[in-house]
Structures are given as C-alpha cells and as structure tokens.
Amino acid sequence: MNKPTHIEAGGCREAPILKERGQREVFCGLTGIIWLHRKMQDAFFLVVGSRTCAHLLQSAAGVMIFAEPRFGTAIMEEKDLAGLADAHEELDREVARLLERRPDIKQLFLVGSCPSEVIKIDLGRAAERLTQIHAPHVRVLNYSGSGIETTFTQGEDACLESMVPVLPETDARELLLVGALPDVVEDQALSLLDALGVGPVRVLPAGRADGMPHVGPNTKFALLQPFLGETASALSRRGATQIEAPFPFGEEGTTMWLRAIADEFGVDAETFERVTAAPRARARKAIAAQSEGLNGKSIFFFPDSQLEIPLARFLTRECGMQAIEVGAPYIHKGLVGPDMDMLEVGTVSEGQDVDLQLDRCRAAKPDLTVCGLGLANPLEAEGLTTKWAIELVFTPVHFYEQAGDLAGLFSRPLRRKAKLQVVAE
Amino acid sequence: MKLTVWTYEGPPHVGAMRVATCMNGLHYVLHAPQGDTYADLLFTMIERRNHRPPVTYTTFQARDLGSDTAHLFKDACQDAYDRFKPEAIIVGASCTAELIQDDPGGLAETMGLDIPVIPLELPSYQRKENFGADETFFQIVRALAKPCDRTKRLSCNILGPTALGFRHRDDIEELTGLLSELDIDVNVVAPYGANPSQIARLGAAHFNVMLYPETAESACRWLEREFDQPFTKVVPIGVGATRDFITEVIGLTGRAACVDESRLRLPWYSASVDSTYLTGKRVFLFGDATHVKAAARIARDEMGFEVVGMGCYNREFARDIRALAKEYGVTALITDDYLEVEAAIEELAPEMILGTQMERHIGKRLGIPCAVISAPVHVQDFPARYSPQVGFEGANVIFDTWVHPLVMGLEEHLLHMFRDDFEFHDDAGASHHGGKAVERVEATADQAPAQVQADDQVVVWLADAERELKKIPFFVRGKARKNTEKFACEKGVTEISVDTLYEAKAHYAR
C-alpha cells in the first residue's frame, strides 16, 4: 500500500487491448450537459433532438436538480423531418424565445444529437447565423453530444473543443488547466499551483463567458480529465503545448501531475517539497484510513466514464487492489499512456459487448465491480458488490484532499456489504 | 420544434419498455444508438428492479450508417434469441433508427425464428410514452391471445399495470383481494407479471378490469370485440370510486356483493375533528388523466378540499379532463409543457399540489407542499411498504399521503397565533418535516414599498400593509396578496393600505 512515487516496469501501455463491439451500457455525450450547465453559470445548452434526448437528460438529471436547469431540448417533430429549411427557421424561433425568457444567457450551445446528426441539420451554420443575430450579447457555439458519435464524458470534450477556436489569442506564457471540476477542487488546484509559484493560471471552461482564458503559442496546458483528447488537439492546433502526466487521482497521481507542471515552469525541488509535503502526508493518511478493506481485493471495471484507467492505477498502486479487467469506452494512449505505464492489469478492454463482458465478470467473481447505473442493481442482486460509476464523475475526487474520499467511494460498498445482517432476496 | 425543459412522458419506445420489462419470457430487440441504453436505469435505479430490462439494443454508431445497419439488427436479434431464449420477441426502432428506415419488423420476419415475433410501429416524432405502452400491449395481445373456453368459475383479467407505473405493483394485490371478496378469480394480470403463454389465455376470463386506460384501453376494446369480453370503466381509486367499481362489477356479472369495509378508515379520519383544518384547502391537481380524475373526486368529496385547478399531460384524455374540470368549475390545463404548469400553479397559488415528480420541483421552487399521485415518478415513489392506491386500503394510503406534506391541524393554529414565537413562525416550517427552525428576521420599518405591476396598473404596497400581510400564515399569504392586488385594481386603488387588505379579505370572503 502507498508505494513510493516511481514508475515501475510492467505497465499495460503495450499490452494487447481486447476490442469489442456490441451492445453498450453507457450514456451518450449529451449527459455532459448535466455538470457543464452548473459549471458555466451564464451558459445554456439547447439540445436539438428528439423526445428521447429530453427524456435522457431528465432521467440523468431530474433526480438531482431542483433548480431551473440551464438546458433544454428543441424537440424535433414530424414536420421538422420533412424539410431542413423549415428546421432552421424553427430553431431560430425557439432560440429567440429562449433568449427572451432568459436574458442572463451569454453563451448558447447548440448541441447535436443522434437524430439531428442523421438528418444532417447543419448546426455549425445555425450557430454562425444565430451569433450574428444575437451578438454581441450572446455567443452561439455548437457541438455534437450524439450517441452515434460520443459516449458520456466525450460530451464535455466536444463542448470544450468547440470553445477553443473562439478563445482570444495571447503570447503570454500561461498555464491553462483544462476540464470542468467542482469549484472546491478547482480552488485547491489553483492554490497548490500558486504556492508553487506557477502562474498565471487559467481554467477552461471558466465560470462565466467574460472569464474565458486566452490561448497562444506560449500556452502550456494540463488536462484535468482523461477524456479531453479532442480539446487537447484543438489547443495544440492553436500552438499550445500539452504537459503530459498521469491524472491527479490519489497522492501519487496528484504529485506526478504537479511535478510535470513544476518541471515545465522551473519550480525547484525544495519549493516543490515544501509545498507538497504536508498535503501528501495528509492524503496518504486519509487513503490508508479509507482504503481499509480494499487491500488484496479484486476489481473489475465496466466501461463508462474514461476515468477507469487512471482510477485503476490509483486503486492498484495506492490501495493495494488487483485489477482483473479495466474496460474503457475508448482508449486514447496519448492521454492515458502515462497512467497505463504504471498499471498492472489482467485485461484492458475497449468498447463493449455488454453480455460478453457480463459473462467474464461473473466468471471472475471480482470483490468489487465498477459499472453504470443500468447494471449496478442487477449485479448486486446476483451477489456481486458494485460501485456505481456515475459518482466518480459527480463527486470531488481529484487532488490530495480528495484522495481519501476517492478511496472511500470504493471501500464503502464493501463495508456496507459487511455491515448488513439481512440477506436480500 | 418545441422547446422543453422537463417532460412528463418519454418517447414511445420507453412505453414499450415499460411493457416488456414487467413481463416474463418476452424480449425486446430495439434498433437504437448506444445512448438509448440510458432507459435501462429507469428500471434498475428508479424502480430498483433487480434484473436488467429484457432489451437488446443494436447500438449502431455513425460509422455504421454508411454501411449495412440492417445486418446489425439481424445479428442483435439472433444473439438475443440464442442467449435469452424468450417465448416471444417484440421488435422496434427508437427515434434515430426510425430515421434510417431499416424496418426491424420486416427484417425479423425474414429470419424465420420459431417463436412469435411482434413488430411495433411507434412513431417517435408524433407519439409518446403512454401511447407506446398502450400500443405495445395491444399488439402483444392481438398477436398472442387465442380464443379459448371460459373458466368454470367466474374470472376476470386485470389489464394495464406496467413497470414504472405509480404503485401498480401494490394495486394488483389490493384489487385481486377485492375481487376475491366478490368471489371472482383473477385469470391473468397483464402486462405486469404475465408471460406470453398467459397472454394466450386472456380469452378464458369472463370480463376484463381496465385498471389504467392509458395503457390498456386498446387491448380492452379489442378483447371486447374479438372475445366478447366486457370491461370495467371505473378505476377503483378512492372510496366512492371503489364502491362504484363494485357496483359496476355486480352489473357485469350478476354476482351479489358482500365486500368487507371494516378496514376502510378514510371516511372516519376525514370526518374526525382533527381534519377540520383540511376544509376548503385549495389544491391543484396534475398528472395522468386516470389519477387526476380519481384524485379530483377524493379531494372534493372525501377530503373536503377545494379543487382550484386540474389538468393532465396526456392529450389522448383531454376531452375527459375538460369535461371533468367543468364539473368542478375550473378550467382544465391540458399540456405537457412543464413551464405552463408552473405558471398555472404560481397564478393559482394553491395550498397544496397533487401532482407528479415534476410538480415536486415546482412545489419546491414556489414553496408549496406537494404529494405525488401519478407517474412520472422518482425512486421515492416505489416505497418498500405496501401502499396501493386502489380499493379501500388504497383510500387509507391516500389519506395519509396527502395529509403528510401539510402542516398539522393544530400546528397551523400555533403558527397563526404565535407568529413571533422563535419556533413557531412561517419560515420555521412544519415540525414533522425535519429541518432546523431558522431564526426569524425582524422586518425593518423603513423598507421601500413593494411595487407590483397588476394588469396595466402599478400598485404599491404601503409598509404597514406589507407588514400586516406577513401576519397572515404563509400557506394562504400568496393567495391573499394576489386577491388584494386584484381587488385594488378593480377598485382603481393604487396604494394598498391595511384597510385595503382587510376590505379585500371581506370582499373575497363572501
């Protein structure tokens, strides 16, 4: 447990990947709206889609959000399918109605869905036209969150990517943090970097439209989430340089992530040690307390959020778990390669044929199974202990102060199972 | 296109899933992109079902669209057949697959499977969830039900309960008990809990109980026509409706009734003195037509509430609800636009909402208590305990459920009397709802008078009147404020004083 920070041989970067296709149990990219709309306070997300899209967002968010959501769906009807010119007019009308009702909106995202992609509604053109109509008050951008193009967290990637081309140009040498994090975690990252003397630091996405970061050839950026590949490419096209590192989960991941930035910005070893020593010790202590019961236990990841590889790295190296299978919706080695270098795992799988994967899971009988909401209760009913993956996206889990909580998310289902004295039917 | 924030109904294929998921031995092969698997969690998380919905999604992606998605469908269909060995398969498309026009029904037919394959035509861009459930159940019945001899003993089918329905699980049990008291057997309950071979035996019943018209009316009408089975029209939710239902069943069967009402407590609880505070409480009803219809009668006749507004989201029942609303002297709100419902509730300022999970959001925003009477629902609406809506036990459950969100009878008086008490004041809320009593904030004397735009006239609340208004208990304050402003406008008064407030009170008290 709590092995020291150094890269060992035996990572899985070069191991063969089991690639599957078949039925998937994963959300589509529209779901990213659920956290993005709370993160960007003056943005509104308008899905151009079907009743299914509206129902999906409601099912994913409706149980949690008791505030007026800053998202909606322009539901396509029969007549919209008849002719596309009509669809654009209809969209203009709905957007005008929306902006009239919500004058606080400064950024409007038109979000493409499966049906709008299939009938090829040109949302790029619509966004340009609507920007002209509603400028300068509102900027209209577009991206696709469709399930034929994206899975779950890829929606955030598509959204952030759509913002990159309109970020103002700068020549300043700045650090850009990329990814939507809970405010409390973002603040912790900023204060750690500030203590290291790294700066100026900007964040994409910013909380408000007028706070959006600038970007240019001297921008160095670090990703906060392992699913932001397209955004990273877009930033590179603007001349920015990526700082590669494992993702900041757990004490080790956080330290390596910070170290990569510190190296880039010339922070001396003494300063790094002074700033990180105390939080590192705290994180190790918290992990030790929270991960009690995880040591020696096996874990199986169904693909869900793209967080699987970095999390498996954390659980195997810092909590003493054994990873039987780590599945991810897709694997971008350019992003999760550094994590893969440190991960020992039985099988790495990409994509999904859910029935085949369920067969493997049942055969392996893992102590803990990480899966989406559609599978969690059925697997519990079969006697497996599960961690529903969505909490990993909706709970603050990054950086030192959350490392204990992160371990706790995984140990809680096991502790719970041990506590309950009644047998479920 | 139509802008929507929350929706009351999902797409029609979710209705089909509600039917498939509650049945046994049936499998649904759904041509759909990967994102559509979200619907599984409605059943596994919201309803806490312990198995996956019996649905196989084809999960096509953008790169498949250029090639052969029909092949993908056939493979998925064959895999589902091999793996799950169902007694029958229903096949259909979700909204996106509908656009690529693969014709799942036709494709499945060519596969020559040795089990019934039932194609579903569910137009995603025209219809919604309840239609999907009704149509799916109808198609299953039409394809599988065979003529058969009637059972020797008098029997009926209970038709309509589905997965994700509001208390359907317990309604089946309660209704079965009620019918057994009438010495009537239940032949088949469907779709909930039925398998295809039981559907084949629907014709053995002497009549059908149409428990939820939203999901069973087409099937009931078809069975009436094809198998000469009459069906009941009264849904036995509430005391009066349950008695009417019994009368209707007696009329259909000629069976003499002897139903034990000794468990029924609603009438006495309603009549007991503690319920005096319920008298004339202004309630707003919204949900599916069946539950709203039943709730209206219970609210007015069995609880002594005043129904100040009602409506439903399923347009198929618009005519019924409009007619009913007229009877209650209100205008029906037929809409699936959540914002419209919110606006109506805000305008009417009721003291309680009887609605759906969506109205819980509205209630929370507006500070109005809400009890849920209809789907769409939340995980909390699938309680572990037995809590039916139908029959006499259902009436008892409804009494409890509706009273619970309200401040208790005598507590209302305390709030009124000891407005300045640090524990009993408006913002403290009801004492049985949890939450900590918050410190009362003293109103400052020099507050700017509130300006209100009423009709085309500006009305100003004088500070005294504003303070006096705050003395009125919070659960009627909204209405008092509105009435006073309306009164002032009608009288051409531009400043509301304490006198205006009381004149308005006297005016509306008539």
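Quick reminder: no glycine exception, Cβ is built from N, Cα and C everywhere.
Automatic prediction, not curation, is the source of TrEMBL annotations.
Annotated in TrEMBL:
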| type | residues | note |
| --- | --- | --- |
| BINDING | A:CYS28, A:CYS53, A:CYS114 | [4Fe-4S] cluster binding site |
| DOMAIN | A:28-382 | domain 'Nitrogenase/oxidoreductase component 1' |
*Using DSSP and three states only, what is A:CYS53 ([4Fe-4S] cluster binding site)?*
helix
_Helix, strand or coil by DSSP: which one applies to A:CYS114 ([4Fe-4S] cluster binding site)?_
helix
*What does DSSP call A:CYS28 ([4Fe-4S] cluster binding site) in the simple three-state scheme?*
strand
*Relative to the Cβ position of A:CYS114 ([4Fe-4S] cluster binding site), how many further Cβ atoms are located within 10 Å?*
32
*asked:* Within 10 Å of its Cβ, which one of these binding-site residues (A:CYS28, A:CYS53) has the largest number of other Cβ atoms?
replied: A:CYS53
